[in-house]
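Copied over from TrEMBL, here are the features:
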- 44-192: domain 'HhH-GPD' (DOMAIN)
- CYS194, CYS201, CYS204, CYS210: [4Fe-4S] cluster binding site (BINDING)
Amino acid sequence: MVEFKKLEQKKVDEIVNILENKYSDIKYYLNFNGSLQLLIAAILSAQTKDTVVNSLTPALFAKYKKVSDFAYSKVTDLIPFIKSVSFPENKAKNIVECCKIIMEKYDGKVPDNMEDLLSLPGVGRKTANTILINAFGKIEGIPVDTWVIKLSYRIGLSSNKKADDIEKDLKEEIEKKYWKNIAYVLKEHGHRICQSMKPKCDICPINNLCPKNGV
C-alpha cells in the first residue's frame, strides 16, 4: 500500500491561498432564493449533478412556494417534479417530512443551527453546513462532498475516508476565514484541473506543492 503523504502546515496555507485567489469568482453552485429553497435543493443534490437540480427547481419552486406547501403535499405529487434526480421517492418523502417538522417544531422557519438542522430527515452535516453558510451566513464547518473527499486526499490534507472525519481535519488545518468557500474552490479545481481520471498537473498552479497522493 502506498504511503499517504501528509502536507506540512506551511504548504497547506500556501495551497489554500493560491486556490482561493485562482477561483475568487466562484460561488455556490445551486440556484435558490431563501433558506427553504436551499434546503430543498440541497436535499435533491445528493448523488445528483447540480445542473440537473438547477434544471428542475424553477418549476418545483413555482408550484411550491412555502414550507406549508411542501408539508401538506402528497409524496406522489412531488415525484413528477423531481423524477430526474437520484432516488426521487426517498427525497420526496424526506422533503415532505422535513417541512412537516419545520411547521410543527420551528414555527414554519428553517432552523439556523446545526443541531436542529441535523434532526431533519435527509439532512447530514454537508447539507447543514451548506444551509448555515449560504442562507444564514453562519460558518461553523465545511461542507464535504465527493470532490472535497477526493482532493483532500490527493493534495495531502486528509487520509480519512469518512466525510465527518475529513471535515475535522480540514477545520484543524485551514484558517477559518477560508471555510466559507474552500469546498466550492476544491470542487471547481477538480472540475477544471484536478480531474478524477486525468489530472492536469502540468497546468496546475499548486503542482510544485502538491504531494499527488494516488496520482
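Every residue number used here counts from 1 along the chain in the order it is shown.
Using the three backbone atoms N, Cα and C, a Cβ is placed for every residue, glycine included.
Unlike curated records, TrEMBL annotations are generated automatically.
All features noted in TrEMBL, drawn onto the structure.
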| residue | record | Cβ neighbours (10 Å) |
| --- | --- | --- |
| CYS194 | [4Fe-4S] cluster binding site | 25 |
| CYS201 | [4Fe-4S] cluster binding site | 14 |
| CYS204 | [4Fe-4S] cluster binding site | 19 |
| CYS210 | [4Fe-4S] cluster binding site | 21 |
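Across the domain 'HhH-GPD' (44-192), DSSP helix (H, G, I), strand (E, B) and coil residues number 101 helix, 0 strand, 48 coil. One way to see the shell of the [4Fe-4S] cluster site is to take the Cβ centroid of CYS194, CYS201, CYS204, CYS210; the remaining same-chain residues with a Cβ within 8 Å of it are ARG154, ILE193, PRO199, LYS200, ILE206, ASN207, LYS212, VAL215.
Following the DSSP three-state reduction, the secondary structure of CYS194 ([4Fe-4S] cluster binding site) is coil.
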